[in-house]
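Student: Here's a structure for you.
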Amino acid sequence: MDNQSKSTHARQIILASASPRRRELLASLGANFVVEPSLSGEDVPADWEPARIVEELALRKARSVLARRSGAGVIVGSDTIVVLEGTVLGKPDTAQDAVRMLGMLQGREHLVHTGVACIDEASGREDVRHGSTRVRMKALSRRRIEDYVKSGEPMDKAGAYAIQGLGALLVDSIEGDYFTVVGLPLALLGEMLEGFGIGLMPSNP
Ligand SMILES: Cc1cn([C@H]2C[C@H](O)[C@@H](COP(=O)(O)OP(=O)(O)OP(=O)(O)O)O2)c(=O)[nH]c1=O
């Protein structure tokens with residue numbers, strides 16, 4: 001879609017993210033937005049529930065951009081983690097780590113949680129929510145996992161796979177919102193933006 005020109009909402013959205021996926025997803029809605037990557041730490045207490053982790057990290061990302069700006073838009077931050085039976089999997093540190101993560105995930109179900117935070121720059125009002133989607137991965141041989149990791153795709157993805165890429169070949173099924181897995185739950189974000197007076201659906205006269 002030819003996005004940015006079709007946008008009808010006046011207030012600007014600031015996407016607090018360096019993720020090309022998040023940028024593409026937001027662009028697919030025709031939103032009028034700019035990108036400002038965030039600089040925030042990702043350390044959280046080990047006993048936090050997944051939903052709390054992704055909401056907190058999404059909020060930190062949005063707040064870190066708020067601190068550098070003085071505009072009148074709405075800042076959007078987001079964070080994604082994969083959770084397998086209570087174990088949180090972030091992005092792999094090395095190819096070996098990616099092989100380890102995929103070895104854990106193969107043949108089983110896990111949850112992908114994505115937090116979304118919106119902050120109104122003018123008032124400082126915040127809204128933070130999350131989406132969770134269940135993913136079942138196919139049974140994979142060690143060879144198949146190593147071949148996938150060699151593609152390089154897993155390295156900047158939570159849980160070491162990308163459902164929107166070659167990782168689609170590894171997924172058996174999902175239950176819930178696809179965009180939550182890719183890293184930005186679009187319907188949830190749309191609802192939240194409406195709460196800040198930003199409607200993304202073009203309105204006809
Ligand atoms: C499970 C899965 C994750 N991912 C990605 C989404 C996120 O970009 C990434 C998780 O890392 P995040 O820390 O959530 O985000 P990021 O560092 O990529 O970007 P930023 O903090 O600047 O917004 O994993 C996919 O692209 N596809 C998938 O199937």
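Note that Cβ sites are derived from N, Cα and C of the backbone, with glycine treated the same way.
TrEMBL annotations: computationally assigned, not manually curated.
Small disclaimer: the values here were computed from a predicted structure and weren't measured.
What TrEMBL lists as active site, proton acceptor is Asp79. Residues or ranges marked as site 'Important for substrate specificity' by TrEMBL: Arg21, Thr80, Gln164.
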Student: Select the most exposed residue of Thr80, Gln164, where exposure means the fewest other Cβ atoms within 10 Å, treating these as the recorded sites.
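Tutor: It is Gln164 that, of the recorded sites Thr80, Gln164, has the fewest other Cβ atoms within 10 Å.
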Student: Work out how many Å separate the residue listed as 'active site, proton acceptor' and Arg21 (site 'Important for substrate specificity') at their Cα atoms, rounded off.
Tutor: 12
Student: Residues with Cβ closer than 8 Å to the Cβ of Arg21 (site 'Important for substrate specificity'), same chain and 6+ apart in sequence?
Tutor: Ala162, Gln164, Val182, Gly183, Leu184
Student: Which number gives the other C-beta atoms within 10 angstroms of the C-beta of Asp79 (active site, proton acceptor), all protein chains shown included?
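Tutor: A 10 Å sphere around the Cβ of Asp79 (active site, proton acceptor) contains 27 other Cβ atoms.
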Student: Tell me the coarse DSSP state (helix, strand, coil) of Arg21 (site 'Important for substrate specificity').
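Tutor: Arg21 (site 'Important for substrate specificity') sits in a helix per DSSP.
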